[in-house]
Amino acid sequence: MKITDDLLSYSPPLWATFIAGLLLVITLTLSIYLIFEHLASYKNPEEQKFLIGVILMVPCYSIESFVSLVNPSISVDCSILRDCYESFAMYCFGRYLVACLGGEERTIQFMERLGYASSLTPLLDLDCDKGTVKHPFPMNYFLKPWKLGQWFYQVIKFGIVQYMIIKLLTALLAVIFEAFGVYCEGEFKWGCGYPYMAVVLNFSQSWALYCLIQFYTVTKDELAYIKPLAKFLTFKSIVFLTWWQGVAIALFSALGLFRSPIAESLQLKSSVQDFIICIERRWPLLLLFTYTFSHLNLIN
């Protein structure tokens, strides 16, 4: 009960609210402008509808973080909603890349052709040999080479979908645990649900990220016209680094490593994370803004 009372009575510093609010306005302005530019040039819906879904993740993160910063008592509810949309954005990003390759059928055909070609002439730059994709260290000790073709595509697809499913399930569990007062967001205690779900999500995200890296490695030349590396790094910074950042903040706080005046003035671990996200979300959006417009020019 004491924790609830502290959350209800807590209010962030005025300077943090002002900075976060200002950056939120900038982020929303750029997001809306970028989305309207896509809608005005909506000539390739199979690609653009998924790209818009990814772009919407940036204002979603910013709004959720600002609301949580101003009203920490609902931060868990906001983070759950963010997690649900994050899983949808992961799906959109994967489908966007597949759409740029011409759809699922053409993507599988492309991988089968690539596998056949590499079986005749190994593509050393893609780390392919005899129609397979080899794994880097240390994954090569646990996984056999993946055969290029439908098998490779299904493995990548499952790697992304499993993260979506686990993300939604952990969000549902977080609601249940929070209702019984045993979720304890940011607390690394045996009787709390947060650390266990953090471990599960960490493995799930790592596997999804690994699958995306393997997919990028195989398709980077075919997708060169959309600058896939920039989009991949931007998306990774929004989704994966944000999660690991939140876990790191909670861990540092539990170890008593937060000594800076800024962190101490924010008091709550969730407020520190929310304030950082409000600052960070502007820069990924600017990257998306720049590299998406180059793709819009190609569509036009």
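Placed from the backbone N, Cα and C atoms, the Cβ positions cover glycine too.
Annotated in TrEMBL:
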- 14-36: transmembrane segment (TRANSMEM)
- 48-67: transmembrane segment (TRANSMEM)
- 160-184: transmembrane segment (TRANSMEM)
- 196-218: transmembrane segment (TRANSMEM)
- 238-258: transmembrane segment (TRANSMEM)
Go through 14-36, 160-184, 196-218 and flag the stretch with the largest number of C-beta pairs under 8 Å relative to the transmembrane segment (48-67). 14-36
In the same chain, who gets a Cβ under 8 Å from the transmembrane segment (196-218) while lying at least 6 residues past its ends? 90, 94, 97, 111, 114, 126-128, 133, 139, 146, 148, 152, 155-156, 159-160, 162-163, 166-167, 170, 173-174, 228-229, 232, 236, 239-240, 243-244, 247
